[in-house]
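Residues or ranges marked as GTP binding site by Swiss-Prot: D14, H15, G16, K17, S18, T19, N128, K129, C130, D131. Residues or ranges marked as domain 'tr-type G' by Swiss-Prot: 2-181.
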Amino acid sequence: MKNIRNFCIIAHIDHGKSTLADRLLEFTNTIQVTNGQMLDDMDLEKERGITIKSHAIQMEYNYKGEKYILNLIDTPGHVDFSYEVSRSIAACEGALLIVDASQGVQAQTISNLYMAIEHDLEIIPIINKCDMASAMPEEVEDEIVELLGCKRDEIIRASGKTGMGVEEILAAVIERIPHPEGDEEAPLQALIFDSVFNSFRGIIAYFKIENGVIRKGDKVKFFNTGKEYDADEVGVLKMELVPRNELRTGDVGYIISGIKTSKEVKVGDTITHVARPCDKAIAGFEEVKPMVFAGVYPIEAEDFEDLRASLEKLQLNDASLTFQPESSLALGFGFRCGFLGLLHMEIVQERLDREFDMNVITTVPNVSYNIYDKQGNMKEVHNPGGMPDPTLIDHIEEPYIKASIITTTDYIGPIMTLCLGKRGELLKQEYISGNRVEIYYNMPLGEIVIDFYDRLKSISKGYASFDYHPNGFRPSKLVKLDIMLNGEPVDALSTLIHFDNAYDMGRRMCEKLKELIPRQQFEIAIQAAIGAKIIARETIKAVRKDVTAKCYGGDVSRKRKLLEKQKKGKKRMKQIGNVEVPQKAFLAVLKLD
């Protein structure tokens, strides 16, 4: 146990943590030299160059004549996936804080760092990408010293590309990170920090043993669900699973016990023995709360059950995805899914498409609102369709967040304009170093859901970074905006929106739909309405045949007769014709800027 070190890697997006992890794995001979990103094994992760899932891997390293076991847990850096980080942090004693030498400290670095400090982890600061021409290691060192209060000589300079500094990092991990504390004689206590689904073996749970020993064939039970299992196989995580006969305190490993449903494995649960259970569960981490909700519908109605199965499988290794069935007049049966943020929503959609071959339509994302009626009862609504009649509502409360934005001084003006446009209120601003500022805002989550992050990146030319935390509910003047086609509301396009923005949004949605809905044989009226009041309208003109073309000269009444006849036909068509809204129109309305 003295020779085990458990550590994770914390960094902002794109500061090079997965590449540096590859170098550590190569240096310890865990893998052969490869073309990169061993731990990002989803195609999607490779393509987008981001880490979505946490990954655990064990390395062996000889240092000063002793053999050490190092368990590395790679974590994502994107704001949507901070729950993945909190789980990984709970399973470690130390963390490598990686900062890009050319970009410096960013919002996500800070928020993940605070999480690590709360769990009392030993922090090893590393400046990565020091081989780049644009690197400014001196200035970045100043920022880190100010942030952590560490000494300058504790900061390691490294490069994931050239492999510089890798030996120093491994030495620091062994010297500075404490070994796991725990009692091998005590009853078994192991924290589950991840689970993956394997179609042959069922669910594989990854855990870290806090106290006690687990052996192959033991009868174990999961503390929170109370279910009992046989440990068919336990082992450690190398590049593949390596079975072992027993795992001791401080080890990180996996257990296979033929579990088939995802509900039974709760990440953050405690594994213990049936014969000698522990008294209490390990204080894990809070349940993940989805922030953004959207309807997900199959394009073909008969794929509904397949979609349910696919979502259940996704939920196995994405604990934060929630879903419940709902139905819509325009789209039929589907699910109301809860996501952590917009990136998460996009990724779930892509994974449905790639891994399960499901084509889905997603509706406008929204957040959950608390609605109070005149009697003072509260109802939580995730879906604009679930809104009670406006006459019964006393007031509506919407969720707020506390956002922290880090940027250079050049972009403060445009960013403040953006935040004010999104109904943000400035809390404070602090200068981190020379020309870097951290700005804090209180903002409604509903304003951020749709396009805030993209716009922040584009007005700051990619230099601003953004992070947020929930900050309670507040009363707000919200109205339900309906979009109607020929007087029929399309429920998938309804949104709850602040009264001040409703007119503008209604007008833009109508204009966008006018471009995207194909012309029919009859004219289509696109209207935006609040209750019974129409606030915007666009008309798609009918496609019509020139019925008078066959008349040569002759009497005007002959032409009029043909035109009247055409008009009657169009009128009849309009009564029975229905308008299909194409999928790309749904997506375009989401991305209105």
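Cβ atoms are placed via backbone N, Cα and C, with glycine included.
The shown structure was predicted, so the numbers you read here are calculated from the model rather than taken from an experiment.
Counting other Cβ atoms within 10 Å of each Cβ, the lowest count among the binding-site residues S18, N128 belongs to S18. When other Cβ atoms within 10 Å of the Cβ of G16 (GTP binding site) are tallied across all protein chains shown, the result is 23. C130 (GTP binding site) has a Cβ environment of 22 other Cβ atoms inside 10 Å. According to its DSSP assignment, S18 (GTP binding site) is helical. Mean pLDDT for the domain 'tr-type G' (2-181) in the predicted structure: 75.
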